[in-house]
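Trainee: Annotations per TrEMBL:
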type: TRANSMEM; residues: 21-40; note: transmembrane segment
type: DOMAIN; residues: 23-448; note: domain 'Major facilitator superfamily (MFS) profile'
type: TRANSMEM; residues: 63-84; note: transmembrane segment
type: TRANSMEM; residues: 91-110; note: transmembrane segment
type: TRANSMEM; residues: 116-137; note: transmembrane segment
type: TRANSMEM; residues: 149-169; note: transmembrane segment
type: TRANSMEM; residues: 181-202; note: transmembrane segment
type: TRANSMEM; residues: 266-291; note: transmembrane segment
type: TRANSMEM; residues: 303-325; note: transmembrane segment
type: TRANSMEM; residues: 332-353; note: transmembrane segment
type: TRANSMEM; residues: 359-378; note: transmembrane segment
type: TRANSMEM; residues: 390-412; note: transmembrane segment
type: TRANSMEM; residues: 424-448; note: transmembrane segment
type: REGION; residues: 452-543; note: region 'Disordered'
type: COMPBIAS; residues: 469-479; note: compositional bias 'Acidic residues'
type: COMPBIAS; residues: 486-496; note: compositional bias 'Polar residues'
type: COMPBIAS; residues: 504-514; note: compositional bias 'Basic and acidic residues'
Amino acid sequence: MGRRDPEEGQLPAPVKPPDGGWGWIVLFGCFVITGFSYAFPKAVSVYFKELMKDFHVGYSDTAWISSIMLAMLYGTGPVCSIMVNQFGCRPVMLIGGLLASAGMILASFTTNIIELYLTAGVLTGLGMALNFQPSLIMLGSYFDKRRPLANGLAAAGSPVFLSALSPLGQVLMEKFGWRGGFLIMGGLLLNCCTCGAVMRPLDMGMKRKMEKTQDKYEAKEMLPIGGKSEEGISTTDGSKKAKKAKKKPKKGKKLLDFSIFSNRGFIVYTISKFILVLGLFVPPILLVNYAKDTGVPDTEAAFLLSIIGFIDIFARPACGVVAGLKWVRPHVSYLFSFAMLFNGMTDICSARASNYTGLVIFCVFFGISYGMVGALQFEVLMAIVGSQKFSSAIGLVLLIEAFAVLIGPPSAGRLVDALKNYEVIFYLAGSEVVLSALFLAMATYCCLNRGKKKDPPPEKNPSGGGGSDTEEAESDVQEAEEHSSNNHQLAHSTDNAMVAASEEANHVAEEQSREGGGCPEGDGEVLARDACNTDQTVERDRF
């Protein structure tokens with residue numbers, strides 16, 4: 001996917017997504033990759049206390065490990081896009097799995113915190129980034145009609161792996177220490193290579209195969225019969241070359257397509273997503289400490305995150321099913337706005353929760369809304385830019401989100417240290433999420449929908465990526481059929497030329513047989529016999 005045609009220097013034509021078949025294996029691989037990418041930076045936090053003792057550092061120093069992982073996951077988006085467009089998804093994912101595993105294995109031999117930043121932070125974070133983005137691209141290429149459901153199921157990997165990796169990390173640390181735990185975790189990350197191996201690219205050469213079949217049929221139809229037939233064949237070849245010369249050559253795919261910034265929908269999505277990330281991750285990060293400050297025991301406070309994860313597991317696939325409904329999918333951006341609004345209002349309404357029951361209720365509603373946002377965020381982006389430009393779009397969006405991730409949670413932590421009040425932080429985070437929801441809904445209605453009504457409908461362009469994969473594939477099939485019909489018309493005209501040549505030969509033979517001159521008698525018989533054979537051949541070919 002994204003590789004150039006070695007024969008023509010052009011990108012192959014897109015193929016209609018199968019919406020099933022091997023796509024379910026690709027979906028499972030994306031499920032695993034999403035789980036590792038989002039859950040692993042959080043699951044590593046169970047080793048922080050042991051790292052603080054061995055390296056004699058504070059909690060903020062060890063917390064940078066998870067921060068660097070997330071920064072690499074988001075900040076290296078354009079690099080991943082360039083690599084995918086140049087080499088394809090499968091090779092990039094295989095390399096990413098090896099890097100992620102090597103980072104954790106090398107981290108088990110580190111002797112200071114700086115080495116831990118470079119191995120577990122930079123190397124493992126880069127490896128997971130090289131797996132996460134290509135897996136979403138492959139998922140979009142295999143699913144079109146069922147894409148909302150596929151995105152919801154793949155996004156469910158995050159809460160599932162979070163609920164599994166955290167207890168596993170605790171058990172590994174108790175039995176083998178943090179070094180043994182890192183070593184085993186590195187072995188688990190090798191499963192990313194397995195997931196990358198199953199990302200089989202679709203057969204992008206379908207159009208070329210159809211053209212080769214048509215050329216063979218033409219060669220069989222236009223077997224050389226005489227001088228006139230050769231003249232007809234040369235005429236057909238000349239017309240085909242003239243037709244190819246008239247066609248504009250397709251441009252190769254760019255390594256990073258910045259033309260998506262001319263898409264107003266992409267601009268609106270990027271701005272709203274930046275505002276969203278500023279406040280989306282703040283409540284779950286501060287929830288445990290907030291509960292402890294209100295007098296909740298440590299074990300019960302930690303259980304609040306498990307409630308969010310458990311609800312999130314079911315919320316994401318359910319939201320994917322709803323987004324795939326015929327009357328909902330055309331308005332999926334409004335459903336995404338509602339999910340963000342729901343999440344923001346949950347933060348605001350729960351800011352004054354002062355007991356454990358209130359916090360549990362907050363976790364239930366936050367898990368539902370958080371799961372809806374996670375299931376719809378990439379589906380909306382695919383719907384805006386299309387699968388052909390999705391590889392560049394997601395890289396640029398993740399880069400912009402990286403700045404929001406580095407601004408939002410750290411700023412909230414500083415405000416907590418300064419104000420000693422979690423209520424203000426929940427109000428602020430909820431307001432940011434609500435603002436992003438209102439901006440997306442209003443901009444979509446005022447700028448995008450009204451603009452579509454005023455502007456004439458754009459022409460379909462298979463290489464653009466603004467439409468669905470189904471429409472692109474159908475347009476390619478229609479083009480191939482037109483090409484085939486033109487070839488048959490040319491072959492039919494060649495047959496007519498050959499028939500005219502055979503009739504002329506018969507006429508000459510009859511005149512020679514009557515006059516008895518111009519050529520020997522045997523020659524006339526041979527000429528008549530050849531003309532008869534020519535008639536039979538032409539009639540058989542026409543049949």
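From the backbone N, Cα and C atoms, a Cβ is placed for every residue, glycine too.
Remember, TrEMBL labels are computer predictions, not curated facts.
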Trainee: Quick one: do the transmembrane segment (21-40) and the transmembrane segment (359-378) reach 3+ CB pairs under 8 Å, ignoring pairs fewer than 6 apart in sequence?
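Mentor: The answer is no, given that the two segments have fewer than 3 Cβ pairs within the 8 Å cut-off.
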Trainee: Any chance the transmembrane segment (266-291) and the transmembrane segment (181-202) have 3 or more Cβ pairs under 8 A, given the pairs are 6 or more apart in sequence?
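Mentor: These two stretches do not touch.
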Trainee: By Cβ distance under 8 Å, which residues at least 6 away from the ends of the transmembrane segment (359-378) in the same chain are close to it?
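Mentor: Residues 136, 148, 151-152, 155-156, 158-159, 273, 276, 280, 283-284, 287, 290-291, 294, 296, 304-305, 307-320, 323, 332, 335-336, 338-340, 342-343, 346-347, 350, 353, 394.
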Trainee: Could you give the residue numbers and ranges of same-chain residues that sit at least 6 residues beyond the transmembrane segment (303-325) on either side and whose C-beta is under 8 angstroms from one of its C-beta atoms?
Mentor: 145-153, 155-156, 158-160, 162-163, 284, 287-288, 291, 332, 335, 339, 359-360, 363-364, 366-372, 374-376, 379
Trainee: Top stretch among 63-84, 91-110, 149-169, 181-202, 390-412 for CB pairs under 8 A with the transmembrane segment (116-137)?
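Mentor: The stretch I would name here is 91-110.
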Trainee: Hey, which bits of the same chain come close to the transmembrane segment (181-202), Cβ under 8 Å, at least six residues off its ends?
Mentor: 1, 15, 17-18, 22, 25-26, 28-30, 32-33, 36, 40, 47, 88-90, 92-94, 96-98, 100-105, 107-108, 120, 124, 127-128, 131, 134-135, 138, 141-142, 169, 172-173
Trainee: Mean pLDDT for the domain 'Major facilitator superfamily (MFS) profile' (23-448), as a whole number?
Mentor: 83
Trainee: For the transmembrane segment (390-412), find every same-chain residue at least 6 residues outside the stretch whose CB is under 8 Å from a CB in it, and list them.
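Mentor: Same-chain contacts beyond the ends: 2, 67, 70-71, 73-82, 84-85, 133, 136-137, 140, 254, 256-258, 260, 266, 269-270, 273-282, 285-286, 378, 381-382, 384, 425, 428-429, 432, 465.
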Trainee: Go through the chain and flag residues at least 6 beyond the ends of the transmembrane segment (63-84) whose CB is under 8 A from any CB in it; none is fine as an answer.
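Mentor: Non-local partners: 1-2, 37, 40-42, 44-45, 48, 51, 92, 116-117, 120-122, 124-126, 128-130, 132-134, 137, 255-256, 391-392, 394-399, 401-402, 405-406.
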